Amino acid sequence: MTEEPKPVTPVLRDGEAGLDTTAPTEAGSLGEEAPKKEADGIVDVPDAEQQKQEAPQQGFSAYVKLWAWCEPIDVVLRICGFFAAVASGTALPLMTIIFGKFVNIFNDFGVGKISGDDFRAQISKNALWFVYLFIGKFALVYIHTICFNITAIRSVRKLRLQYIRAILRQEMAYFDTYTPGSVATRISNNANLIQTGMSEKVGTCCQGVAMLISAFVVAFTQSWRLTLPVATSIPTAVTLVGITVALDAKLEAKILDIYSKAGGLVEETLGSIRVVVAFGAGDRLSKKYDNHLEAAKGFGVKKGPVLGIQYSSEFFIMYCAYALAFWYGIKLLLQGKIGSGGDILTVLFSIVIGTSSLTMIAPTLGEFTKAGAAANDVLNMINRVPEIDSLSAEGLKPSSVKGDLELSNAVFSYPARPTIRVLDGVNLKIPARKVTALVGASGSGKSTIIGLLERWYDPASGSITLDGVDIKDLNVGWLRRQIGLVQQEPVLFNDTIYTNVLYGLPPDEIAQMDEEKKRELVRQACIESNADDFIQGFPKGYDTIVGERGSLLSGGQRQRVAIARSIISNPPILLLDEATSALDPTAEAIVQAALDKVSQSRTTVLIAHKLSTVKKADNIIVMNKGQVIEQGTHESLLDTKGQYWSLVNAQSLSLASDDSSSDTDKETDTQPAEILEKHATTKSTHSKVPHEVAAESEDVARKFSLFKCLLIIFYEQRRHWLFFLLGGIASVVSGGAFPAQAILFSRIVTTFQLPRDQWQEKGDFWALMFFVLALCILLTYASIGFFLTVAAFRSSKFYRSEYFKAMISQDIAYFDKPANSSGSLTARLSTDPQNLQDLLSSNIGLILIVIVSLLAVSLLALVTGWKLALVSLFGCLPPLFLAGFIRMRMEMQAQDKNAKLYLESARFASEAVNSIRTVSSLTLESTVYNNYGDRLKRPVARSLKYTAIAMIFFGFSDSVDTAAMALAFWYGGRLMSYGEYDAQQFFVIFIAVIFGGQAAGFIFGFTMNTTKAHAAANHIIHLRGQVAPINGSTGEEPASTEDSDVAVEFRNVSFSYPTRPDQPVLRKINLNIRHGQNVGLVGPSGCGKTTMIALLERFYDVTSGDILINGKPLTDIDVTKYRETASLVSQETTLYQGTIRENILLGVTRDVPDEEIHQACKDANIHDFIISLPEGYNTEAGSRGLSFSGGQRQRLATARALLRNPDFLFLDEATSALDTESERVVQAALEHAKRGRTTIAVAHRLSTVQDCDAIFVLEAGKIVEQGTHQELLRRKGRYFEMCKAQSLDREA
């Protein structure tokens, strides 16, 4: 049953082949084997077109629609499962007929109608029927559980795939308002809920319904007069349960939506953990996360009374039905309208079984409710029709492309800010096979034009044409495959360098190439982008893992790999959005030469703030406020002395030295790649694939036993002691209902052995006792539902919050591990507290009920008659417990292994969606889809194998009570026949043991809950108890500036990253920086500049040597207080969910007046832009702030840093994303901000450091030159060559 489902044939258009939605390629990683079929754009589900037009699904309607997601084999399995479940549900009602016969036999023997020999013979004969029922039920339960589990696994796999596919095909406007970071939460949590709701729970529900119906059929055949009034309890119970389930579904949907939004915040936070740590923003972001949790808790608490009513009404009606059946049955018997006492008991026990079936059905309805809420979310996404469908087969596909692009009167506003025109009637021509450069201020619309050319958005009015054809008429995927794009902030996937570069090739081309050809193309592209040398320097070369979003490479290395990816397919159009912004001058010159070469034969659109990269362009277009204000060549624009001339002058870099006759030796221009790139080798070479590393990092699972975990949890949640205590007391009292039932039923059975004139009196009394028991149950189950649900949600809120705080409190080295990617951690933060909550809610009360009842009925049986009790108990419970134990062990092992594998697939999906612009520009949607399917294969195959074996034990534990009945009747009958027991003793023991066996069976129905909760509790407890060596340390107050003349001192500092301790990044660094000095760090990409900033922020501790701050060792200073004295502006800025105001205030703990916020923004040249927005400072930043341009984000980050008024200012390419004018203004603001504080700036754009008090030139982890700008120029060494490469004069 493990074969892959065959896809339903999708609707095809224009002769295109369909995308295989269920049979991904066998490639082990993204891109190794591309999909061989083109996406058709039609969702692969029955009646997809109709579904697309429907309104959002709600509750059970969404759950019902899940069942359309199946293949023919799944339909067959479900039909088999349905009939097997129905047949197994009839077993117990059929048993009541045999039970009625037993009662008549026992009564006949009790009044002396039959002899002992006849009694034993009839008992033995009828006991065999119980054995037959056991065998039949065992087989049927196994069949229905395995059938429904297999189809659930297969269907949810398909849902996961289609959910990812649906997200990937959405237009960019959707992502401006939707939080892509929540994909890990949604895909993990929702898929788990849906699978639970479609697995054996469906069979259990069908079994319960069949049991209910067949029980009443049996009851009606015995006596319709008695059954009819009692049957009125069923619609009453169903109505109440239906109402409460509907209310529960609405609350559950709201809770899931809030958790999804919280998951987006978590992913943003973990994905930019360095910014969070540097700014001490953990507390502020934790409060925002807590606000989400508080809202979810509010709805969760409202579920308390709903579930309380649901549980209590169900059991109250059930016990009232028992009372009514016996009371009215006695009346009918005395009136001669029913045959015998055995008939009454057959009807009574049929009703007992029928109403008890509601206890089987009700828990499954809760799972169906959760599955329906999750399905609502999933199906709404799957059925959403994108405005620009990247997978659509519609549109023209010209056979050739010349490359003429034209924008005619293009007007555009971003959907998130429709009142702000980003482009205002732009008219421009981009001629084929020419280089056209776009320059201008940040926010002038340059990158927006790139987005329109990629057709991420459509203009509000006007048109964009390619070779005279409106791009709206072209096939979206075809259009994007004609374009190579390198973005300002390049995104690489957590895979090998080889695979990342290979993504630039169209999937159908990859499928037709052999491995040798693919590697040849990849290497050639890397040679052209100046990436081959540093790649070859890695131990694993092109098979080096680059980390999440390429984080294990330096910025320049990422950029060069991205350039190689863009040119490998030799596209006719090349879009370069700040393509060389992250490169050092030497690498920039070489890469620029390569870009000049590859641009000669194609249409190239170049966006740049660094004007040295555009002066050779055929046409330079100057933009301002969404309009074209100048255009021409570099020379002609300089001659006009207009806006462009001003921009060039602002970037001029003096090459004149005070003493040109210096005889300082000139440094060689050559740099051995294997030395130059050791930094990258250290950071990026991970020889283990993600799931193998994950296995190493998760060796703490189940460090504590479940009992100890619960003790820790209850101790920590002692403030909710009253809720847990009242829920626990209610559970204990409810557990006593089972032995009470045993006593009452035994009294009822033996009532018919009394004189006839006592029947009415005894019948009234015992019926009244059942009603009293029903009132007790009403109170106790209401208490369980209310108190434990409220306590669970309150506890869950605490552990979600604490888990998040524990994660963001870890050192940066923790996040460097591939197993701890933001996607994986977000998925864990979603599933682990949820699993713990599921146990702490009413489930723990039900488990306690089962334990109490099992102990109570066993004690009652032993006290009543130890011989029969021992035989019955040991004949029933040991095999039951053995089967349950084996099943639990298997579930624990499967849960451990699958959790890691599903985390890896969730990480992969999250990374792809968070990089949606890169995915869409490379038309990787189908590749991501297929490789995501590959990552699902292992957990799916493992689950199928586990299901086939584990369900044997499930079936046995679910049906062994029938075999125990056979043993109890046979042996009990023999004891009675020899006069050792009377009928009352026998029935007390028999019913007690049967109820005990059923209770023991119920406890193993919670094994998956307890297994998941056990693992979750250990994860949470372990991480919370894990003290981070750096972030968790305490120390002394930071030294004052008066304690030392030297602000920062490096003494023989050497460093290697924890993931590669054998690869040194910094080697014996020695430098002194005095108070108030402005220092620049320059050098080739990967030389260790950013690593020094990381050490100064104390993201890591040095391997050897010391860093002194104001004369005091950095390791002796309290890390939190030290970081409060520093601000960091990094190369890739990060904004978070929330308003602009909240983002600027990130990490600031004091109350800041608006005037101070406004001044910081004015200093960063962003205030005017902010107040031009309709909502001003209250404008929502959106997911990662992507609705703002790169320059706008950078200026907001600069304002955020300035607001802290730090002693130390660390600038890591702080102005790299700014246009010339903004750079000039921000640079002036930074110059102003530097006064009175120590500043260390990392820069490739040397114009930003030429006025520094000291410049340190790094190479291969060592300082090779130092001095002022003029001093270094006089040496005509490494720095001089770098300056020369960036010269902007006409002769350069």
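Every residue, even glycine, has its Cβ placed from backbone N, Cα and C.
The region 'Disordered' annotation in Swiss-Prot covers 1-43 (among others).
Marked as domain 'ABC transmembrane type-1 1' by Swiss-Prot on the basis of sequence analysis: 81-370.
Taken from Swiss-Prot, the feature N-linked glycosylation site applies to Asn149 (among others). Cβ environment of Asn149 (N-linked glycosylation site): Ser199, Glu200, Thr947, Met951 lie under 8 Å away, each six or more residues apart in the same chain.
Taken together, the residues of the domain 'ABC transporter 1' (405-650) have an average pLDDT of 84. Annotation source Swiss-Prot lists domain 'ABC transporter 1' at 405-650.
Annotation note: Asn494 (N-linked glycosylation site) sits in a coil segment as assigned by DSSP. Taking all protein chains in view, 25 other C-beta atoms sit within 10 angstroms of the C-beta of Asn494 (N-linked glycosylation site). Look at Swiss-Prot and you will find Asn494 (among others) tagged as N-linked glycosylation site.
Look at Swiss-Prot and you will find 656-691 (among others) tagged as region 'Disordered'.
Marked as compositional bias 'Basic and acidic residues' by Swiss-Prot: 663-680.
What Swiss-Prot records for 725-1012 is domain 'ABC transmembrane type-1 2', and it gives sequence analysis as the kind of evidence.
According to Swiss-Prot, the feature N-linked glycosylation site maps to Asn820 (among others), an assignment based on sequence analysis.
Annotation for Asn1009 (N-linked glycosylation site): spatial neighbours Asn835, Asp838, Leu839, Asn843, criterion Cβ-Cβ under 8 Å with sequence separation of six or more. Here Swiss-Prot flags Asn1009 (among others) as N-linked glycosylation site.
The annotation N-linked glycosylation site is assigned in Swiss-Prot to Asn1031 (among others) on the grounds of sequence analysis. According to DSSP, Asn1031 (N-linked glycosylation site) sits in a coil region rather than a helix or strand.
According to Swiss-Prot, the domain 'ABC transporter 2' annotation covers 1048-1285, on the basis of sequence analysis.
Taken from Swiss-Prot, the feature N-linked glycosylation site applies to Asn1052 (among others), supported by sequence analysis. Here the Cβ of Asn1052 (N-linked glycosylation site) has 12 other Cβ atoms within 10 Å, regardless of which shown protein chain they belong to.
A strand conformation is recorded for Asn1052 (N-linked glycosylation site) in the three-state DSSP classification. Checked against Asn820 (N-linked glycosylation site), the glycosylation sites Asn494, Asn1031, Asn1052 differ in C-alpha distance, with Asn494 being the nearest. The Cβ neighbour count for Asn1031 (N-linked glycosylation site), using a 10 Å radius over every protein chain in view, is 19. Other Cβ atoms within 10 Å of the Cβ of Asn820 (N-linked glycosylation site), summed over all protein chains shown, number 21. Each residue contributes its Cα atom, and for Asn1031 (N-linked glycosylation site) and Asn1052 (N-linked glycosylation site) those atoms are 24 Å apart.
A distance of 34 Å separates the Cα atom of Asn494 (N-linked glycosylation site) from that of Asn1052 (N-linked glycosylation site). In the three-state DSSP reading, Asn820 (N-linked glycosylation site) counts as helix.
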